[in-house]
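A.B. asks: Features from TrEMBL:
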DOMAIN    3-464  domain 'Major facilitator superfamily (MFS) profile'
TRANSMEM  12-30  transmembrane segment
TRANSMEM  50-73  transmembrane segment
TRANSMEM  80-96  transmembrane segment
TRANSMEM  102-127  transmembrane segment
TRANSMEM  139-159  transmembrane segment
TRANSMEM  165-185  transmembrane segment
TRANSMEM  279-298  transmembrane segment
TRANSMEM  318-338  transmembrane segment
TRANSMEM  345-365  transmembrane segment
TRANSMEM  371-397  transmembrane segment
TRANSMEM  409-432  transmembrane segment
TRANSMEM  438-460  transmembrane segment
Amino acid sequence: MKGKLNQVFASFASGYGSFLMGFTNVWPSYTTELFKSELTPLLAPFSETHASLLGSLPSLGAMLGTAITGTLINSLGRKNGGIVLTLFNVLSWIIVELCSSPMLILVARFLAGISGGGLMVLAPIFISEFADDSIRGALASSTLFLYCVGILLSYIIGWFSTYHIIIWISLALSVTGVFLFLLSTESPVYYMRKRREEDARASIAHYKGLSPTSTEVTDELTRIKQQIVPAIELVSVTAEPDSKAEEAEKEKLNNDDDVHELAKNVSTIKQLFTTPSSLRGFLIVLTVISMQVFMGMVPVQVYAKEVFRQTDPAKSDLYTVLFALTLCSGTLVTATVADKAGRRVLLIASSALVSLCMASLGYLLQSKSASSWVTILVILIYCFAFMFGAGTVPYVLLAEVFVPEVQSFASMLIVEWVWFLDFVILAIFNYMTTLVGIHGVFYCFAAVALCNMAFSYVVVPETKGLSNSQIQEFFHKRKY
């Protein structure tokens, strides 16, 4: 029990960056008007261009943060790398509080994006390296749940608080993220890569809640060794301390530089794209996460705000909070049942419901046959359906289908791709709306959701309860 509590804490610490990113992303929704107003004290008036960049710059910063995270956490470690990335967020809120220049505030938004994008890459990597198979799905899906909680808390605080109080709360939350990482224990995989075997053993013991000398800890240490140096046939460390076999193994691991050079020479890029199991896992996760983007959550959020405002301006803040609560409830369902129901069934069921909601929303908007409250209800149902499967399960898969050697690089590529697709879909949304109408766009989202359902049924494997080695063996044997 103690080991699982340690895993939950480390998952919360690493996923807390997603909470900060959710909080940061929606901040402009209730502050943009203050920046644009000439009557707001201490703030220089923003132009329309500045106001637009206020919301979009975090995405550009996230692309940079995603790109540098792999190198950062491989050199400094998951714990120290997380501290550095969180400090970018702390710095961004300090700049916002102390400055009134539009350019400096935009720089702060870019820095916040670097932090959020990087931490959203770090979380699945870190979690995959210590989580037990029995709770890995719940821990991995907690990252998106925390992102939605950040959105919810930001909306609530923005509803009731003043400008400077919001900034101080944001700064306090960011500093909390630094302390959470300080209290975390480093990944055993990172320690093994740095040839710090005793530290790796202690880390495994911490996350298992067992003695460092226990058989289970020793077996896990052996498994990590075999994954990190797959080209070398390692002798089991379960041998007696005075045995010649262990002495030979220690000689290989600690004193033979050629062994480590051989491991380093196996290019991560080559391993990802030429190893059948890694390549198949990469293509599957890339496909479901791409179709997830084109199921319309980002533009629907933009459209939902307009609907709420047009339906009942006096209650638009309340509807926005309900919207965020719906997002949270969907991800909470995934965290609760992902290790019981399985990943595949959640993807299939979620995609089917999303398709039905999008088709219904398209019809309602095309025929104008329903009251505005019905449209709002359908949007809320869509959000729940999306978040309990299609919006969260791909990130669970991201945390569990790759071997440690390619995990960082594969996660960086996929998350970078997601940020790019988010930019693309927002860029073409208005054009598509003009071309086929808003209802036509929602019909397109419904079609993509159907494709995701079919792909998940035919291709996506069930990884519930499987160890990393079992997942790799499944991908290696299966032909697509």
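Placed from the backbone N, Cα and C atoms, the Cβ positions cover glycine too.
Keep in mind that TrEMBL annotations are predicted by a computer and have not been checked by a curator.
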A.B. asks: With a cut-off of 8 Å between Cβ atoms, can you find at least three pairs linking the transmembrane segment (371-397) to the transmembrane segment (80-96)? Only pairs 6 or more residues apart in sequence count.
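C.D. replies: Checked: the transmembrane segment (371-397) vs the transmembrane segment (80-96), no contact.
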A.B. asks: Is the number of Cβ-Cβ pairs under 8 Å between the transmembrane segment (409-432) and the transmembrane segment (279-298) three or more, considering only pairs separated by 6 or more positions?
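C.D. replies: Output yes: the transmembrane segment (409-432) sits against the transmembrane segment (279-298).
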A.B. asks: Considering only Cβ pairs within less than 8 angstroms, which of the stretches 12-30, 80-96, 139-159, 279-298, 345-365 has the most against the transmembrane segment (438-460)?
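C.D. replies: Most contacts with the transmembrane segment (438-460): 345-365.
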A.B. asks: Are there three or more C-beta pairs under 8 angstroms joining the transmembrane segment (345-365) and the transmembrane segment (279-298), sequence spacing 6 or more?
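C.D. replies: Contact criterion met.
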A.B. asks: Looking only at residues six or more beyond either end of the transmembrane segment (50-73), which have a C-beta under 8 A from one in the stretch?
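C.D. replies: Long-range Cβ neighbours of the transmembrane segment (50-73): 21, 24-25, 28, 31-32, 35-36, 81-82, 84-85, 88, 102, 105-106, 109-122, 125-126, 190, 408-409, 411-412, 415-416, 419-420, 422-423.
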A.B. asks: Any chance you could find the range in 80-96, 102-127, 139-159, 318-338, 345-365 with the most Cβ pairs under 8 Å to the transmembrane segment (165-185)?
C.D. replies: 80-96
A.B. asks: For the transmembrane segment (12-30), find every same-chain residue at least 6 residues outside the stretch whose CB is under 8 Å from a CB in it, and list them.
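C.D. replies: 51, 54-55, 58, 62, 78, 82, 85-86, 89, 92, 109, 112-113, 115-120, 122-123, 126-127, 142-151, 153-155, 158-159, 166, 170, 173-174, 176-177, 180-181, 183-184, 305, 320.
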A.B. asks: Taking the transmembrane segment (318-338) as the reference, which of 80-96, 102-127, 139-159, 345-365 gives the largest number of Cβ pairs under 8 angstroms?
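C.D. replies: Top-ranked stretch among 80-96, 102-127, 139-159, 345-365: 139-159.
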A.B. asks: Which sequence-distant residues neighbour the transmembrane segment (139-159)? Criterion: at least 6 residues beyond either end, Cβ under 8 Å.
C.D. replies: 7-8, 11-12, 14-16, 18-27, 29-31, 120, 123-124, 127-128, 131, 166, 169, 317, 320-321, 324-325, 327-328, 330-332, 334-335, 338, 387, 391-393, 395-396, 398-400
